[in-house]
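Asks: Reproduced below are the annotations present in Swiss-Prot:
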type    : residues                                                                       : note
BINDING : Gly47, Met48, Ser49, Gly50, Gly51, Gln52, Asp53, Ser54, Thr161, Lys190, Thr212 : ATP binding site
BINDING : Asp53, Glu166                                                                  : Mg(2+) binding site
BINDING : Arg141, Lys174, Asp181, His261, Lys262                                         : deamido-NAD(+) binding site
Amino acid sequence: MSDLQKTIIEDLHVEPEIDPKQEIRTRVDFLKSYLKKHTFSTGYVLGMSGGQDSTLLSKLTQIAVNELNEENSTNTYQFIGMKLPYGVQKDADDVDDAIKFVEPSKVLTVNIKESVDASVKALDGAGVEISDFLKGNEKARERMKAQYSVAGAFNCFVLGTDHAAEAVTGFYTKHGDGACDLAPLFGLNKRQGKQMLVALNCPEHLYNKKPTADLEDDRPALPDEEALGVTYEQIDEFLEGKEVAEDSKRTIEGHYLKTMHKREGEVTLYDQWWK
C-alpha cells in the first residue's frame, strides 16, 4: 500500500469492514443528536433520485425523525424528500419506489427545467457559451438551491449524500450536490452502503441500479464508472486497503489529487494544503 493510499483512507475515515446494523444505529443517532442540539430546526431536506445513496440517507433520516417524534410525543420533526426532475425524469418509477420504501414525512416536487434553461439563456445573452457538461453543473446547483430554499421555509437542514467512494474521486458538482449542512454517509464506501440497505430490507433494484449522475443531455444516464474510468468495486477495494491494478490505482489517486479543492473550504492566505 502506498503512502498516498494510506493517507486517503485515513482522511476519508474508511474502515475495511462494517457491521451494517451498527452503522445504521450510529448514523441515525448522529442525525438525532444534531437536531436535538439545534432546537430551532424541525428536520432535514434531501433530494431523492431513486439511487442507492439518496435512498439510504433518506431511510436513515426518516428513522431518525420518527424516533425523535416518538421519544418526545410530538410530530414536530420531519424529513422532506424532494423530487427534483429536469423536465421528465426517465427513471421516475425508481424515485417513486424509493419514496414508498422511505415514507418521508413530506414529499415536494420542484421541476428545475425552467430555472436551469433561464440561467443558460441569460449566460448566453451575456456572451458566455455553456457546454452540455457545464449545463449539467447548472442542474446540480439548481437542485441544491431548491433544497436550501425549502430548508429555509421549513427551518430544516440540508443533507448531502457524499460518501468515501464519491469523495475520493471528487465526483460531484462544487456548490451543487457537494453542498450540504450534514453528510451522514461520510466514511462509507459504495458496497458498505449497499450492505446497510440490505439490512434495511430495501427493494433490490434500488441498490443494484447502475449509478449515474444523469446530468448531461447529450449523454443521458451516463454511468459513473464510465465517466470516472474506474469501477466502484475497484474504488472500494482501494479504500479498504487492498491491492488494486496499478492503472486503477493511478486513476483513483489522480482523481483524489486533482479534486482536493472540492474537499476543502474556501482558500485563505493561511491555508497550506494547495501548495
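Here the Cβ of each residue, glycine as well, is placed from N, Cα and C on the backbone.
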Asks: Between the Cα atoms of Thr161 (ATP binding site) and Lys262 (deamido-NAD(+) binding site), find the distance and write it as a whole number of Å.
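Replies: Per the Cα atoms, Thr161 (ATP binding site) and Lys262 (deamido-NAD(+) binding site) stand 15 Å apart.
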Asks: Could you round the CA separation between Thr212 (ATP binding site) and Glu166 (Mg(2+) binding site) to a whole angstrom and send it over?
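Replies: Answer for this pair: 12 Å between alpha carbons.
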Asks: Looking only at Gly47, Met48, Ser49, Gly50, Gly51, Gln52, Asp53, Ser54, Thr161, Lys190, Thr212, the residues listed as binding ATP, what is the longest Cα to Cα distance in Å?
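Replies: Farthest-apart Cα atoms in Gly47, Met48, Ser49, Gly50, Gly51, Gln52, Asp53, Ser54, Thr161, Lys190, Thr212 are separated by 19 Å.
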Asks: Hey, what's the Cβ neighbour count for Gly47 (ATP binding site) at 10 Å?
Replies: 26
Asks: Using C-alpha atoms, which one of the binding-site residues Gly47, Ser49, Gly51, Asp53, Glu166 comes nearest to Lys174 (deamido-NAD(+) binding site)?
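Replies: Minimum Cα distance from Lys174 (deamido-NAD(+) binding site) across Gly47, Ser49, Gly51, Asp53, Glu166 lands on Glu166.
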Asks: Output, ordered by sequence, the same-chain residues six or more apart from Arg141 (deamido-NAD(+) binding site) with a CB under 8 Å from its CB, or 'none'.
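Replies: Long-range Cβ contacts: Thr173, His175, Gly176.
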